Amino acid sequence: MSTSPMNVVVGVAGGIAAYKACHVVRHFKEAGHQVRVVPTAAALNFVGAATFEALSGNPVSATVFDAVDEVQHVRVGKEADLVVIAPATADLLARMAHGCADDLLTTTLLVATCPVVVAPAMHTEMWEHPATQANVELLRSRGVIVLEPAHGRLTGNDTGPGRLLDPEQIVTLALAANASTSFRRDLEGKRVLITAGGTQEHIDPVRYIGNHSSGRQAYALAELAAQRGAEVSIVAANTEVLPTPAGAVVARVRSARDLQEAVFERAENQDVILMVAAVADVRPAEVAETKLKKGANDAQLQQLTLKENPDILRSLVQARDSGGMKAQPLIVGFAAETGSKERDALDLAREKLKRKGCDLLMFNEVSGDQVFGKLRNRGVLLGSDGSETPVADGTKLEVAGVILDEIAERLRRDS
Ligand code: CTP
């Protein structure tokens, strides 16, 4: 992700979500970028120019007839390194698609040659209308990155797709889009199942055995896969604090056996399954109904009898290879390894790939607390065909981009 300061134009169209543009501006400013807000006249009915001026530290105008001597309608677009429109209404999408230039925002868009990222917000009917969808398709075919809107509560009592993404998500996605080419719509219509988080195996009502995993890498994969056109389902083990990625459906589970059941319920029709979750290898043979007390239950606490959990990844591969699934999903495993004097971590991952039988295995080294809960990742993507693709250090969204590039390429080859 680019960290050098950029000139970011934040375009704001006239919808109720315009107030969230204030947070978009703040996030860009906090990340060290220069921001110029260009609202439409309608947007100024929702948020006043003074607010945008104070937040951005720059003058705000909606029309080409302000500061005419500065030829703003050309200058703002030319100087922009990134244009982000949040929210974009159905009307603005239509005007963009048809090259209208009747205010400062649309003229800026015609002049700008930098990446343009659009976050739509409107009622579901308007989003799903064939006219809007055709405009979105046309804009995407021209390289504009139109983000999928979130699914959720809209103004009034309705819910559905059309809600503006969270401002922080918009900024993260826009910066990632600007830094890479990973926003192609190359997973359009593909069904992708992603497991996330770490399972918890109950000892008693308050204690559990579990694995470290924030779920961030899985959520970044889900976020990006949905933005690349996939239908994404997440089976999430204990990831409550993370916001649901736009366009993804989340099923929540706790233990390895819950996760296994939820995955197998959904596995049948998937094109891709990514087993990102950290699955606890063992669980207590018995779960105590009441909290085990130290004195009274010393023996029970100190000598827990453990049972091995099912190997979900291995059994998915077996089910697929024995013809037990309608689709033939590409199956991807994840291995967080620590090396030792005797064993190289990458070698352990190579062995694991063979043992699990999956098509790809994303290996990362976790010695010294390098990955868990952090915002960055790196590693090597190992293929069952012997391929080894180094994944450079980057944000989890950037790492997700490399993994999804490889997956999209394999799906394309196999189709
Ligand atoms: N996995 C799984 N079921 C398990 C354990 C792991 O499906 N019971 C999956 C994980 O989701 C991950 C991959 O297998 O995609 C590797 O996980 P890891 O914990 O590294 O594998 P283990 O088989 O537990 O190997 P180790 O001996 O290193 O613990």
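Using N, Cα and C of the backbone, Cβ positions are placed for all residues, glycine too.
Annotations in TrEMBL come from automatic prediction, not curation.
The Cβ of Asp281 (CTP binding site) has Glu308, Asn309 as same-chain neighbours under 8 Å, each 6 or more residues away in sequence. What TrEMBL lists as CTP binding site is Asp281, Lys291, Pro310, Asp311, Ile312, Leu313, Phe334, Lys352, Lys356.
What TrEMBL records for 6-174 is domain 'Flavoprotein'.
The feature region 'Phosphopantothenoylcysteine decarboxylase' is assigned by TrEMBL to 1-191.
According to TrEMBL, the feature region 'Phosphopantothenate--cysteine ligase' maps to 192-415.
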Can you work out the mean pLDDT of the predicted model over the region 'Phosphopantothenate--cysteine ligase' (192-415)? 92
Which of Pro310, Ile312, Phe334, the listed binding-site residues, has fewest other Cβ atoms within 10 Å: Pro310
